[in-house]
Amino acid sequence: MSQDNSSRVTEFILLGLSDTRELQLLFFTLFLLAYTMVLLGNLLIIVTVRTDPKLSSPMYFLLCNLSFIDICYTSITAPRVLVALLSGHKAIAFEGCMAQLFFLHFVGSSEMFLLTVMAFDRYTAICRPLHYTAIMARRACWALVAACWAGGFIHSFVQTVLMLQLPFCGPNTIHSYFCDVPPVIRLACANTALTEWLMVSNSGLISLGCFLVLVASYALILAKVWACVSQGNWKALSTCASHVMAITLLFMPCIFTYLRPAGTLPPSKYVSVIYTILSPMMNPLIYTLRSSEVKESMWRLWKR
């Protein structure tokens, strides 16, 4: 970004979720409880998986990485929101806004790719059990996780570069509680039609593409389970149903937010709460704590 453009707007004002003090205190309490649950739930999963040799399968390796991503993802927005709700300080520097946008998309898209890898892991385990050990070897798991992070970095780098090319010289009020592409791009002092469509093809198509791949993989799993009904397969059916609920909770708000130009519909800051706070809070319950192996390992860890 040129020096002329960067000197025009030095900070943005995040309006948050409400201007009413009573509602701000209510939102502070809810966000604090949710953030605490995200930290404690995901840290418990990481410690449990790392300390129990029985949880060494690729599935738990990927779940451990998912918990780490959820902690990072929520920590990008939640602490600043809590400080703003408590102190009333809503300003964020231009550089801080761009950094928050970069890391939000970096970690968020990495989580989408990781969920796709996890669906492939479940497909391999259920539909190709004899080849599962060879396909999902530890080296392959590390390579897949590294590819998720690399894909997230490339996506976010492109997104941030597109944002830095825009001039910001007018209003600096963001109708949200964090910096994201749709509300920030509305403040640009230029015609952003081309940039908006590039954003749609970047964030929107990634969200939609990963969601369709996930739905297709779970459809194949369900078809396999339906063909061979047994007690074990009914457990797999229940697991798949909970996973589909989790990915719907994450992907549908993202598709609604990013798969359209920023000027077509007003941004909904309340929709953002679903994929920045609610989804990371629900992931430990849906993906891990329903597993009897994990609960037994947690109980052993507690007794130690």
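Placement of Cβ uses the backbone N, Cα and C atoms for every residue, glycine included.
Just so you know, TrEMBL annotations are computer predictions that nobody has curated.
Annotated features, as they stand in TrEMBL:
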| type | residues | note |
| --- | --- | --- |
| TRANSMEM | 25-47 | transmembrane segment |
| DOMAIN | 41-287 | domain 'G-protein coupled receptors family 1 profile' |
| TRANSMEM | 59-78 | transmembrane segment |
| TRANSMEM | 98-120 | transmembrane segment |
| TRANSMEM | 140-158 | transmembrane segment |
| TRANSMEM | 205-229 | transmembrane segment |
| TRANSMEM | 236-258 | transmembrane segment |
| TRANSMEM | 270-289 | transmembrane segment |
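Same-chain neighbours of the transmembrane segment (236-258): 108, 111-112, 115, 118-119, 122, 126, 180-182, 199-200, 203-204, 207-208, 210-211, 214-215, 218, 221-222, 225-226, 267-268, 271-272, 274-275, 278-279, 282-283, 286-287, 290, counting only residues six or more beyond its ends whose CB sits under 8 Å from a CB of the stretch. On the 0 to 100 pLDDT scale, the domain 'G-protein coupled receptors family 1 profile' (41-287) averages 85 in the predicted structure.
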